[in-house]
Protein chains: 2
Amino acid sequence: MNEQTPCDTDGFHQHLHEIQDLLTRHRVVESLEHRQNMPRQALVESITHKQNLARLSRKLDRLHPADIARILESLPLEDRWLVWDLVRADKDGDILLEVSDAVRASLLRTMDADELKAVAESLDADELADLVPDLPPEIIEDVFESLDQKEREQVRAAMSYPEGTVGALMDFDMVRVREDVTLEVVLRYLRRFEALPDHTDKLFVVDREERLRGILTLESLLVNDPERQVAEVMKSRSLVTLGPDDDATGAAQAFERYDLVSVPVIDAERRVIGRVTVADMVDRIIEESEAEILGHAGLREEEDIFASVVQSVKNRWAWLAINLVTAFVASRVIDLFQGSIEKLVALAALMPIVAGIGGNAGNQTITMIVRAIAMGQVEPSGMWRLLRKEAGVALINGVVWGGVVGLLAWWLYRSPYLGLVMTGAMTLNLLLAATAGVLIPLIRQRLGRDPALGSSVLITALTDSGGFFIFLGLATLFLLS
Amino acid sequence: MNEQTPCDTDGFHQHLHEIQDLLTRHRVVESLEHRQNMPRQALVESITHKQNLARLSRKLDRLHPADIARILESLPLEDRWLVWDLVRADKDGDILLEVSDAVRASLLRTMDADELKAVAESLDADELADLVPDLPPEIIEDVFESLDQKEREQVRAAMSYPEGTVGALMDFDMVRVREDVTLEVVLRYLRRFEALPDHTDKLFVVDREERLRGILTLESLLVNDPERQVAEVMKSRSLVTLGPDDDATGAAQAFERYDLVSVPVIDAERRVIGRVTVADMVDRIIEESEAEILGHAGLREEEDIFASVVQSVKNRWAWLAINLVTAFVASRVIDLFQGSIEKLVALAALMPIVAGIGGNAGNQTITMIVRAIAMGQVEPSGMWRLLRKEAGVALINGVVWGGVVGLLAWWLYRSPYLGLVMTGAMTLNLLLAATAGVLIPLIRQRLGRDPALGSSVLITALTDSGGFFIFLGLATLFLLS
């Protein structure tokens, strides 16, 4: 009964395993057919062959497009293409919208012009606008010609807003009503629909110029006396609306704060031009948090885990190159102190501790500050307060952990002075990490940059080179001169 | 007009600045009153004083509880408490549910028993269950006594499910109807409500034993002929339902995949016991992604940026301690090769490069694999394929970047053999990073652990110690013996 919609990972894995099973059987049959070239045998195998594919195809028909999308993402390329061929064409569009960009590219590559056109024609204007940038240019022409005037304008409108704006996320499915009618009229009007647009929780009340006058929630439509006028019942103050140029992240935060399901998008003249729903916002929130998590490891984009080695290398090389540069700088700092290390080789063993702990503490500070900036909790004016606090934390950690490490160094190398230098260097590097952890994101914010981008690389570079310099410098001054 | 609900960060900052302005004025007046002890003066100031607070209070009255929550999070403790005192009591409950755990604790500390009881009584059962763990025990008793039998059972039910389950997130606000009535009857029934529960997009069709028979969307209620029976119109196949013990993360993924607004929670006998809405799920998704981002930096929980130094130290110390241990192990590995470093001090300068790049590449691999596991795309059976691919990526990176670094080392230290050792060590450490990056999360998954937890620490520890060992070991073998 629940076949179409598994709610948990186990349910999904059952479907995936069944499909993998069928695929394996199919491959076995294929290789048998290939080896045994006897005509009779070929015939028998061929029937099994067809049976397998038919079973696979029936299985896929019963699954929700979002689940097929996940299954495609979980299959290696050759299996993925086989399954993709078997999916009923009317689901193609929905599936392409659900899969990750990398997997979408791998699927589009296998489709010919007619298939692509069929998919494009099955989509709404806003969905089509999402897909267009991935289509071959010659197809786009044809697709545009197949649309009617209004749809074409909608697709162009949706495409005209840059990624990351509300305009790029809005759809054009909405129900509009006038304020001078009774709820009964609205109820009768709705009965003429076959279905309402997804996520319709409110109707937009507009005047003759399509300007937003208020919103009529389905709730107020249902709980109020049908004899009442829309104007009496609608909400017309403190409306949450969005503009097409508004930032999508801010919009997503608004959906979260005010528990919204759909919001009208209005232009400068308050004309309703579209609608954003919580489904778009959930996708947006998930995409953003994934981008942030991937960004921490320097992965530029969501990677198809079945992508080729070459594609993976491309996705990852930039980060490694940047880190190579910063590691090289740190290496040059160490090189400055060759003489000291030669005299006291224990320095070489101890120096990564100072650098490493500084990097960890710095990343803690910077992660917290970046988040607070993103939540709007921190402004440049609060800098001093934050600096004082983080310096306090660094000082405590420096004395405590630096002290522990200092004692260990004393015990290991029988030198109390080496221990003291270690404690001092750790405290100073933690203070450096705290200061940079506060200043780097705040300065980037003031310069109008994204405070998160590359903050972690910067602070690690600083605490590595700085840690080596402070530790080896202190050792040279106090132990070796 | 839009005063109550600013949709963007700028709008929020305007409110925040106005409030900060009023607070500053209030503080100035306070310090003036304190200094100038003249009676007439005191009187004048006192009026200004009251005016300021009244203005502040009016301002707060017009704001949405979610925005007041953000403003409280953005204010230092003394200002936060002042504003909290001025907030209208009927908003207290909603605000407490919106603020972060750390800020909630700071607010609850200032409230006396009567205030806490008033708040508790203003909340729904499921909301109260969220708040109870933070309340002082003596208050909880009183609160429970003030509830009626049904509410008390609901609070206990909600509290009986562990965090991270659907049961802990569900609410008890739902509209149930019978299948043997016409839509007209349902419409008349709904008109008896003052309001529907938030996020009602469907009614639950139940039998006499409260068992779920189907769902009736508001959409189908509105577009169908009112003479039709609920049973004809309701959806009764492929229903998405959740169990109270289901994992909340899986449920959130289902909301995202199937674009849901509300889902019934049913027990083993299919009795409807509650409901989960997209608003809960959005909060859950955001909390999870924040926990993951904070976890990467070893921050155990969301930190109140205005928390005391001591509280911050507590939140961060465990991570630093763990990293200290791993750094110490790496330091011991270096110590093994004291003799080699004494003979060739360039080794000390080059070794952090090998360790660092290995750590970066390993974190890239592990981030990707952990994400793929979370999405259900990877299973232990796919291990070999992933290992082969990651080893391929590591080999290319090792030859390319290791080659670059090898050439640099050759040029800097005039030793082609040192360059070769560098290239070899980097390639081997990248292979180690790739292998561990695939195996660590897969093994943790097979052991039933969270594949994400601490993966980054483990791989960095391995690539640090491993990198030092491989590089210094190769150098000792090929350059110094």
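Cβ atoms are placed via backbone N, Cα and C, with glycine included.
As written in TrEMBL, here are the features:
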DOMAIN    A:170-232  domain 'CBS'
DOMAIN    A:234-292  domain 'CBS'
TRANSMEM  A:317-334  transmembrane segment
TRANSMEM  A:391-413  transmembrane segment
TRANSMEM  A:419-443  transmembrane segment
TRANSMEM  A:455-480  transmembrane segment
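Long-range contacts of the transmembrane segment (A:317-334) within the same chain: residues 297-300, 341, 351, 355, 454, 457, 460-461, 464-465, 468-469, 472, each at least 6 residues beyond the stretch ends and with a Cβ under 8 Å from a Cβ of the stretch. Counting only same-chain residues 6+ beyond the ends of the transmembrane segment (A:391-413), those with a CB under 8 A from a CB of the stretch are 346, 350, 353, 357, 361, 365, 419-420, 422-428, 430-431, 433-435. Per DSSP, the domain 'CBS' (A:234-292) is made up of 26 helix, 15 strand, 18 coil. Computed over the domain 'CBS' (A:170-232), the whole-number mean pLDDT of the model equals 94.
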